[in-house]
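Taken verbatim from TrEMBL:
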- A:156-174: transmembrane segment (TRANSMEM)
- A:180-197: transmembrane segment (TRANSMEM)
- A:218-236: transmembrane segment (TRANSMEM)
- A:248-270: transmembrane segment (TRANSMEM)
- A:345-364: transmembrane segment (TRANSMEM)
- A:373-390: transmembrane segment (TRANSMEM)
- A:396-412: transmembrane segment (TRANSMEM)
- A:440-459: transmembrane segment (TRANSMEM)
- A:471-492: transmembrane segment (TRANSMEM)
- A:498-521: transmembrane segment (TRANSMEM)
Amino acid sequence: MSTEEKHISTEAQVKQDGKDVFSSSSSSSVLWRPNNVLLKTFLLITCIKILLIPTYRSTDFEVHRNWLAITYSLPVAEWYVNAQSPWTLDYPPLFAWFEYCLSQVAAFFDPEMLKVENLNYASSATIYFQRGTVILADLIFAYGVREMSRTFCKSLNNHIVFVFLSLCNIGLLIVDHVHFQYNGFLLGILLISMANVSKTGKEMTVCAVHNGAMWFSILLNLKHLYVYVAPAYIVWLLKSHCLNSGKFFRRLFSLGLIVLTVLAVSFGPFRTQLPQVISRLFPFKRGLVHSYWAANGWALYIGAEKVLSVIWKHLGWLKDVKSAVMTGGLVQEQNFLILPTPTPIVTFLLTFVTMLPALWCLLCKKPYMNSKAFIRCIVLCALSSFMFGWHVHEKAILTAIISLCVLAALHAEDARIFIILSSAGQTALLPLLYPDNLSSLKLLLSLAYMLSSILILTNHHGKPLLRLHEWLYVIPLPLVTVYEVVLHKLLLGDKLPFLPLAFTSIYCAIGITYCWMLYYYMYLQNDARANERTAEDKSNRQRLKDKQF
Amino acid sequence: MQGKLQLAFITSFAVLLRCCIIYHSHSGEGKPPMYGDYEAQRHWQEITLNLPLDKWYINTTDNDLQYWGLDYPPLTAYHSLLLGHVANRIDPSFVKLRESRGFENAAHKYFMRLTVLIADIFIYLPAIIYFIINSRFWDSWQFGESNIFKFTRRDIAVLTALIYPGLILIDHGHFQYNCVSLGFFVAAVAVVLQDSFVIGSILFVLALNYKQMELYHALPFFFYILGRHTPSKTRSWFHCIRTLIYISFAVLLTFYVIWMPFLKSRDLFFSTVLRLFPFSRGVFEDKVANIWCAINVVYKLRQIFTNEQLAKICLIMTTCAVLPSCVSLCLSPTKNAFILSLINSALAFFLFSFQVHEKSILLIAAPVLLHFHNDPLPCFWFLIISHFSMLPLFIKDNLYLAYIGTIIFYFYSVFWIWPDLFYNDGTNSLLNKDKSKLKGVLLLSIISQFVKPPERYPDLFPLLVSIYSCGHFLIFFIYFNYIQLFVFRKENAASKIKSH
């Protein structure tokens with residue numbers, strides 16, 4: 001056998017002397033060009049998306065179909081007024097215009113889906129069309145990934161890791177291509193603006209920054225939830241673009257002009273009915289948490305409340321026996337019996353206060369004058385708002401996860417956070433796919449992504465990333481899903497129906513809270529670390545100089 | 001630890017890919033009165049659960065053999081019985097006698113899909129992984145610095161074999177349990193290559209008793225074992241005969257255990273056997289990519305010959321086609337020759353034998369997957385064509401979207417993870433290296449779905465697909481025979497001379 005092997009290998013070597021080698025080596029270098037990797041990964045993941053077309057769709061599918069119908073068949077003045085379907089238009093105007101453009105194409109596929117009175121209409125042409133638009137809109141996401149990679153990734157390996165982590169992100173796949181939304185497209189715009197804005201130093205051109213600012217204000221006018229990361233943008237632009245240049249007012253003025261222009265274009269057609277539009281965009285009647293608790297600080301808070309109320313009941317301290325059930329499915333306001341009830345104002349203040357230290361560092365301290373600190377600040381803002389915001393959806397975690405991808409490809413510490421955050425955050429997304437026949441799919445999706453991200457990042461950084469207690473947290477995550485899907489029914493039957501979901505969100509909330517605190521700590525430590533590093537650099541340089549002389 | 005993590009990822013990805021398919025439609029979904037293979041499998045659960053064992057293969061009032069009568073060997077029936085019990089516990093209406101015909105709902109579909117998935121996970125995937133882990137690779141080559149997963153060549157071979165789309169789409173889309181018989185078959189090959197012939201032949205008998213089509217592989221098994229046990233300088237008479245007796249005893253015993261309930265009476269046994277080999281169904285059904293279907297285009301076989309004459313012609317042709325490869329295997333029983341001979345024998349059966357289904361191409365694809373790492377390009381090409389040859393079936397089952405998704409995925413992922421695929425082959429002189437040859441596949445795939453055939457020839461595109469594939473299969477048949485008979489033998493001779 002061994003001789004046979006040798007024979008083949010010598011044959012291969014002989015070949016390598018010939019012309020074949022040239023073609024192979026040159027073609028493989030062509031193969032590994034960054035864009036090629038991006039395109040191929042995108043193509044492969046698109047195939048998976050195509051395979052997922054016939055799976056379950058949530059009501060968001062009908063929501064978007066309804067918006068297509070509204071924008072197509074009604075005059076502009078009625079877009080934010082029409083309430084024939086319960087799923088009224090509640091995204092900002094640019095998104096409505098986006099739907100308007102899509103609806104013009106949709107007319108070629110199936111005109112029936114564009115009638116407002118056709119509620120819950122889902123012909124196969126409608127399904128293919130709507131799914132297809134999400135798949136195509138992901139091209140913007142791929143473009144955003146490319147821009148980010150050009151700005152941040154210096155080596156090919158970094159690039160590939162980043163492309164894989166972001167393009168193949170399972171959370172995005174679940175929310176966009178099964179559940180149905182357009183997050184990939186929106187996050188793509190976020191990435192484009194982030195990439196443009198962070199072109200600092202010598203490359204920093206006024207044009208790129210203006211571009212980035214424009215993209216960000218477009219993003220805000222597509223989905224206003226991204227306003228939570230705006231503080232980081234404002235501080236960063238003020239600091240790196242306006243303050244450092246010496247032309248403070250001129251630059252501030254031009255930035256303001258860009259933002260206002262986009263705002264005017266977007267809201268202009270609706271200037272007569274602004275209050276109506278605003279009331280649609282900010283529905284404060286909703287409760288503190290969604291019907292299924294997002295895995296954030298409030299999930300822990302409510303969990304604590306539940307535990308306390310059970311204890312109180314045993315001790316006989318509780319007068320009012322009706323305990324509020326908060327996973328009832330309807331979006332409504334809750335009353336807390338023991339702990340103080342948070343109001344919207346409190347949650348906003350809390351969110352803002354928790355963002356402040358990060359923003360302060362970015363604004364005032366010198367070591368934070370680099371674009372990586374800016375991205376970290378965005379991640380922290382997104383996490384803080386996710387932790388304490390009012391009526392947060394579980395999908396909001398994607399903003400933090402996707403922004404963190406690029407850093408995970410660059411630094412081991414960020415990679416460590418990324419593994420925990422993405423595993424926990426994506427496990428928390430899985431209950432979105434509640435039909436029974438999706439259980440195997442969602443389990444495998446999360447398992448495959450967890451394994452691959454651990455594998456890739458560990459290989460890439462060349463050392464084990466997680467500490468023991470973090471392993472102990474991450475490894476049982478698939479089991480949490482198994483419990484939620486199968487075990488609970490087997491063990492307890494129909495008793496305690498809210499327990500699986502509550503348990504999932506509390507378990508994941510623990511991990512996300514841990515990530516938030518650890519990342520904040522690392523971010524604030526950055527100051528000290530950077531000081532040490534510069535000191536080291538100085539001494540190194542000194543030594544070099546000494547040698548030269 | 002590291003290597004295992006990669007394998008775990010590959011396995012979970014392979015299962016994930018299967019999971020993505022299960023939401024597509026199955027054969028005969030919502031198409032009364034006959035439905036399709038999905039209904040057949042459900043019906044067998046119903047029959048085996050509700051009727052006594054000796055009525056399974058016999059036409060009675062409760063068991064109308066015209067309506068998807070059981071026509072696979074007993075192991076399939078036992079498997080159906082097991083699943084029938086599970087189905088009965090979940091919801092008795094799944095398998096109620098006579099009333100459950102054409103039963104379809106979401107829960108039932110998910111249940112059926114899960115049964116295939118579980119069979120796949122527990123039989124086929126471990127068999128493939130076991131085979132590839134134990135096969136020899138001539139270097140621990142990694143594909144360049146950009147290999148972010150740190151896959152070895154072995155991992156890549158596993159991945160390539162596990163994501164082969166033909167099997168996935170037939171089992172998890174169209175709905176069948178090929179993964180069981182193919183899994184046993186692959187396990188048998190792996191074990192035989194480890195020189196444990198007794199266990200290997202037991203496993204092969206299991207495969208054979210799950211689907212009689214495994215007979216396509218029987219001859220190479222026979223000749224390989226025989227060839228390994230012909231007495232020579234290094235092997236004594238006594239040793240050879242003893243092992244052969246052990247093997248035949250094991251085979252007979254396994255057969256006996258599986259068939260025991262059907263051996264009670266002569267009639268029962270013969271009626272069962274007759275069900276397995278339905279000669280009355282004609283030389284081929286639908287459009288199959290084999291010789292007879294291709295000849296039939298210009299020369300209407302069924303009008304000229306009777307069924308019996310056709311059967312004889314098929315028998316002679318098949319024997320002639322199988323013989324060279326088998327004789328050569330018997331004379332020089334090396335491991336590579338064994339796998340090549342499995343390919344050749346199965347291809348010969350597929351091309352020339354009687355009553356062939358288009359799905360039988362999977363029986364050739366399985367050994368080709370095992371051969372892949374020795375000769376990537378032709379194998380890859382074959383696999384793509386084999387998947388393509390089932391296109392008319394997929395269109396009929398409403399699986400076009402899944403077909404397109406999987407074939408593009410497979411093409412690009414294999415093309416990507418085997419960067420030397422199109423450049424570093426020593427032996428593919430017969431095949432053109434140009435990948436643009438595959439454009440025919442793409443073109444036919446697209447027009448089959450989107451272009452309306454002319455009214456005079458409604459079957460034009462399926463026919464084109466099958467003729468196109470048939471031509472390729474013929475070339476592959478010649479190529480793989482050539483490799484087995486000349487290239488590998490020459491290498492063996494060379495290595496023998498060197499070692500002496």
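Note that Cβ sites are derived from N, Cα and C of the backbone, with glycine treated the same way.
Note: TrEMBL annotation is automatic and uncurated.
If one looks beyond the transmembrane segment (A:345-364) by at least 6 residues along the same chain, the residues whose Cβ comes under 8 Å of a Cβ in the stretch are 228, 231-232, 235-236, 238-239, 288, 373-374, 376-377, 380-381, 384-385, 387-390, 520, 523-524, 526-527. Here the transmembrane segment (A:440-459) has long-range neighbours at 55, 161, 164-165, 168-170, 173-174, 178, 408, 415, 418-419, 422-423, 426-427, 430, 433, 465, 474, 477-478, 481-482, 485, meaning same-chain residues at least 6 beyond its ends whose C-beta is under 8 angstroms from one of its own.
Among the listed stretches A:156-174, A:180-197, A:373-390, A:396-412, A:471-492, the one sharing the most Cβ pairs under 8 Å with the transmembrane segment (A:218-236) is A:373-390. For the transmembrane segment (A:471-492), same-chain residues at least 6 beyond its ends with a Cβ under 8 Å from one of its own Cβ atoms are 419-420, 423-424, 427, 430-431, 436, 439, 442-443, 446-447, 450, 499-501, 503-504, 507-508, 510-511, 514. Cβ atoms under 8 Å from those of the transmembrane segment (A:373-390) belong to residues 194, 197-198, 228-229, 231-233, 235-236, 240, 284, 286, 288, 294, 296-298, 344, 347-348, 350-351, 354-355, 358-359, 361-362, 367, 396-397, 399-400, 403-404, 406-407, 414, 512-513, 515-516, 519-520, 523, 526 of the same chain, restricted to positions at least 6 beyond its ends.
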